[in-house]
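In Swiss-Prot this protein carries:
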type     : residues               : note
BINDING  : C453, C471, C475, C478 : Zn(2+) binding site
COMPBIAS : 597-608                : compositional bias 'Polar residues'
COMPBIAS : 609-619                : compositional bias 'Basic and acidic residues'
COMPBIAS : 630-639                : compositional bias 'Polar residues'
COMPBIAS : 640-649                : compositional bias 'Basic residues'
MOD_RES  : K514                   : N6-acetyllysine
MOD_RES  : K522                   : N6-acetyllysine
MOD_RES  : S597                   : phosphoserine
MOD_RES  : S602                   : phosphoserine
MOD_RES  : S634                   : phosphoserine
Amino acid sequence: MASVSALTEELDSITSELHAVEIQIQELTERQEELIQKKKVLTKKIKQCLEDSDAGASNEYDSSPAAWNKEDFPWSGKVKDVLQNVFKLQKFRPLQLETINVTMAGKEVFLVMPTGGGKGLCYQLPALCSDGFTLVICPLISLMEDQLMVLKQLGISATMLNASSSKEHVKWVHAEMVNKNSELKLIYVTPEKIAKSKMFMSRLEKAYEARRFTRIAVDEVHCCSQWGHDFRPDYKALGILKRQFPNASLIGLTATATNHVLTDAQKILCIEKCFTFTASFNRPNLYYEVRQKPSNTEDFIEDIVKLINGRYKGQSGIIYCFSQKDSEQVTVSLRNLGIHAGAYHANLEPEDKTTVHRKWSANEIQVVVATVAFGMGIDKPDVRFVIHHSMSKSMENYYQESGRAGRDDMKADCILYYGFGDIFRISSMVVMENVGQQKLYEMVSYCQNISKCRRLLMAQHFDEVWNSEACNKMCDNCCKDSAFERKNITEYCRDLIKILKQAEELNEKLTPLKLIDSWMGKGAAKLRVAGVVAPTLPREDLEKIIAHFLIQQYLKEDYSFTAYATISYLKIGPKANLLNNEAHAITMQVTKSTQNSFRVESSQTCHSEQGDKKMEEKNSGNFQKKAANMLQQSGSKNTGAKKRKIDDA
């Protein structure tokens, strides 16, 4: 009869092999998901091509984009003349001519084009080539003001109506809408105007009857759909326009929309058949990078200042912040260290916003430190860097905000600082949104990924097929020459669940910070669990592990609402039950090391030349002197943003 020790040894061997098999299953499952995603995208494209082919056989014009990329339509001569003599442009960008031809033919079209691709021209130019006026629906007054400023410089007659418009101005616009001799070509309104102003709708009817109202342009059309990243209820009322004015052609524009969102928007706008032109999401001149956000504020500012004084010396940029308070504090810190910076957020007085915008456009200010209120319609071509002080609330938002860099098609950098605490600051803000948390976790997954091409991650989100080799080492992950492996972190999850169960029994709620403290053997003694050994990993890597468990649903967020704030707590998630199976394994990708280590690399740029480093070192001298005084006054130690190599417990 076999001895107990021999049986135990065999059992351990089987358990070990089961863990290895579980890890292989997870790797294969990930690969399966990638292939399923590619299959879905390709199937949709084939279906779209077949539908376009069928539609082309029965329509007056072929519905494939290539068929509309022509200059032999009745309006083509006028279109070219307006392009060159009014807009002062010599040629169209990709999909602009196709979209213009479709809308000039009186057909409905949706255009999905990256930020900076020139969507505005696709309805502004046709407005000048058509009789009557085009009604433009925009979500933000600031966006309308930006566009009107540019149109005025080009000598194009355009105006807007909003709640602050004077009675005299409203009266003039209403008269121009039905005046057959009017030169007014573009009228900008917010969706609220359509939803709530019966007087304006009445005026539109009269203009339509007089054949003066010829086209509807819905900017940021993704706002129609509750599945979009920026859903606005008043956009749902826009369906009335096609019902009331069926002969006015409609063009919808967005930089960020999935197929699901576009289909939903089409239904909401009451469009039966619609062309959809989608430009590639790829901006080949943009370099994407994710950096570990230093926990120390002084370290963080040091990192940013070294970049601005080094690689971006004398170059224009934007720093996006989570809140108005962050925007103002970062601006003050940068100014104290000699950077010409200006804050921009929604609560600034209109004249202050205009001043900051004007000075930045004229390069009198090097950096705008802004909230998301800054950017829509911003058309500064030479923005060399966009830095995210905190991550965006969704992939769509990040794509749009980072896309404000490099509109001149020259190389530009998009650097995102990822910090654990930001997850919960943002989740508390988006908790009431329909898919807010889901979209945030997609963004967290993007930031946590240390190996996949950033463009591949974006492509998967926007339903595109992408070959990582086409990135040309224009993202941090594609620049790495490290090897990666999957580490088994199952026991960490079991320990965290023990801590959360004990807290639940004590009727205690644990914030993410309290959970980490308890795990590390710190904080209140009653929240610690006997038998849970504190891991020897640094705190920032424990944060990454908890974030991994959160987006994999082994943990979940719960919220408490107070009069002043929404507080996020962590609880046991729906997938935690899988741990009842002893063989179940949870793995996390880490950088492979020759030693038995758990190493999470902070991303480093690879595209910049050696001169960048020298420039940063050269220009950091003044910074160090100024920073030393600031740090001495605050009594804080400047430890620097370090790359860490972590020994696995």
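Cβ coordinates come from backbone N, Cα and C, glycine included.
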Going by DSSP, is K522 (N6-acetyllysine) sitting in a helix, a strand, or coil?
coil
Could you tell me which three-state DSSP class C478 (Zn(2+) binding site) falls into?
helix
Give the sequence-ordered set of same-chain residues, not counting C453, C471, C475, C478, with Cβ within 8 Å of the centre of the Cβ atoms defining the Zn(2+) site.
Y288, R454, R455, L456, S468, N472, K473, M474, D476, N477, C479
Hey, of the binding-site residues listed (C453, C475), which one tops the CB count within 10 A?
C475
Across every protein chain in view, the count of C-beta atoms other than its own within 10 A of the C-beta of K522 (N6-acetyllysine) is 14
Which residues of the same chain, at least 6 positions away in sequence, have a Cβ lying under 8 Å from the Cβ of K514 (N6-acetyllysine)?
G523, L527
List the residues of the same chain that sit at least 6 positions away from C471 (Zn(2+) binding site) in sequence and have their Cβ under 8 Å from its Cβ, in sequence order, or write 'none'.
C453, R454, R455, L456, C478
Compute the C-alpha separation of C475 (Zn(2+) binding site) from K522 (N6-acetyllysine), stating it in Å without decimals.
38
DSSP says K514 (N6-acetyllysine), in three-state terms, is helix
